[in-house]
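*Asks:* So that we are looking at the same thing, I have put the structure below in structure tokens.
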Amino acid sequence: MKKYVMALDQGTTSSRAILFDYEGKIVATSQKEFTQIYPKAGWVEHDPMEIWGTQSGVAREVLERMAISPQDIAAIGITNQRETTIVWDKNTGKPVYNAIVWQCRRTAAICDELKTQGMADYIRENTGLVLDAYFSGTKIKWILDHVEGAKEKAEKGELLFGTVDSWLIWNLTRGKVHVTDYSNASRTMLYNIKQLKWDDKILKALEIPKSMLPEVKESSAIYGYTDHQTFGGADIPIAGAAGDQQAALFGQGCFKEGMGKNTYGTGCFMLMNTGDQFVQSKNGLLTTLAWGIDGKVEYALEGSIFVAGASVQWLRDELKIIRDAEDTEYLAKKVPNSNGVYVVPAFTGMGAPYWDMYARGAIVGLTRGAKAEHIIRATLESIAYQTRDVLEAMEQDSGIQLKSLKVDGGAAMNNFLMQFQADILSVPVDRPKITETTALGAAYLAGLAVGFWKDKNEIESKWSVDTVFEPGMDHEEKERLYKGWKRAVNRALKWEEENELDVK
């Protein structure tokens, strides 16, 4: 009997490998950060070879550290930063350009051009996404247009595109398998999530040859086996894949319509399961595929907040007013409130429900009495306010009122933030015992495909709560604070656009 399932969690700032046992408990974990490349303002890249190097490295390391044989691994599940775009040469396996990361804004002008062609409504109605630089489609076009010879090679069928899951599976199988899953495909802005196929009209508008695209499969299925050289001769089935947020929804056991979770990572991502219903948002949310499993797909509504944990990194690395992310909880509690200060961390624009590529960060409400602690507290509070923005939009779209919010991700360990979140939402916030739900979701998807776990009911029974944060704030106080947030956001919207007009 095989004892473990390995999750490869390829994130925005690090690659991790986590081993789970049958109970869904973490046995071992290994992590390695990699380089963030910022060639110009608003541009973000990663080196695809470094993504593969760090990811394969931690996978081997986690086995070696625990002296576990690769033969004991029942399956590998992959979860990944979504939308990040890699184009590589089919014959050499070498990328033709760096990975263009989901946060990168370089293709805003391509999006504007598509809008003038009248593509925005078509894209929203068929891919569930808003026309934005965030998604893979325009990033592929940028690579084909700007890398010498890329367009010609693509037309000859010599280039392949993949999101990070595809790139890892391609490398794990030494180029034998070029696939993605429904959840990742639904983030490319090229996939028709009603018809479940690549959309010819969008491909034509972006001049992307279909031959570049991976085959789309269920999120829980055996895609292929690890190449002999990867894990010392072991043929481990690669049996699950899902974009990080959909994987977290699965790992949290949100299998029923109306169940939702928020992941507090670099960005913040809130998803609500809408079952087999494609719910078209009227409030700037995305409609996305949650997963494909057991021969059918399920949909979700998603609100993306671009900057959450990244604003805490900014306090640490740029402002240098904290030494460690963990310090924020203690420092935020040193003051009774934010002293009227609001931080709007729109460093790369604003996501749902605003979708403003030209918004920029702002700190408002400063007085002479504003201290570092107030700015730290206001930064944490901004994460909770943005979550409320998204939740209100979700409830309006779906007609479902959330009873409680399941939370995970690094910042979910911050008790101050979780309590403030419950207060500002007026719903209980449930933090599970295992907060590594993204990796857990990938492990569950892979384990189900190979029979390591029987079905979703068995998985659901393993979810257990660690802490419930009950709302306790006075209604008037809560609404007063939230109104102030809305005023602060209005100061930050359209900032860059106005700046460009001034220059002209």
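Cβ atoms are placed via backbone N, Cα and C, with glycine included.
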*Asks:* In Swiss-Prot, the glycerol site includes Arg82, Glu83, Asp244, Gln245. Which of Tyr22, Tyr134, Tyr191, Tyr299 does it also list there?
*Replies:* Tyr134
*Asks:* Going by Swiss-Prot, Thr12, Arg16, Thr266, Gly410, Asn414 bind ADP; tell me which of Gly309, Gly361, Gly365 is listed for that site too.
*Replies:* Gly309
*Asks:* Same chain, not part of Thr12, Thr13, Ser14, Thr266, Gly309, Gln313, Gly410: whose C-beta falls within 8 angstroms of the C-beta centre of the ATP site? Give them in sequence order.
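*Replies:* Checked against the 8 Å cutoff, the neighbours are Gly11, Gly265, Ala310.
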*Asks:* Between Ser14 (ATP binding site) and Thr266 (ADP binding site), how many Å separate their Cα atoms?
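*Replies:* About 11 Å separate the Cα atoms of these two residues.
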*Asks:* Among Thr12, Arg82, Glu83, Tyr134, Asp244, recorded sn-glycerol 3-phosphate binders, what is the largest CA to CA distance in Å?
*Replies:* 15
*Asks:* Given Asn414 (ADP binding site) and Gln313 (ATP binding site), what distance in Å do their CA atoms have, once rounded to a whole number?
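*Replies:* So the alpha carbons of Asn414 (ADP binding site) and Gln313 (ATP binding site) sit roughly 14 Å from each other.
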*Asks:* Taking only the binding-site residues Thr13, Arg82, Tyr134, Asp244, Gln245, which one has a CA atom nearest to the CA atom of Thr266 (ADP binding site)?
*Replies:* Thr13
*Asks:* Do you know which of the binding-site residues Glu83, Asp244 has the most other C-beta atoms within 10 angstroms of its C-beta?
*Replies:* Asp244
*Asks:* Give me the non-local Cβ neighbours of Gly410 (ADP binding site): same chain, 6+ apart in sequence, Cβ-Cβ under 8 Å, ordered along the sequence.
*Replies:* Tyr264, Gly265, Gly309, Ala325
*Asks:* What is the Cβ neighbour count of Gln313 (ATP binding site) at a 10 Å cut-off, with all protein chains included?
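*Replies:* A count of 14.
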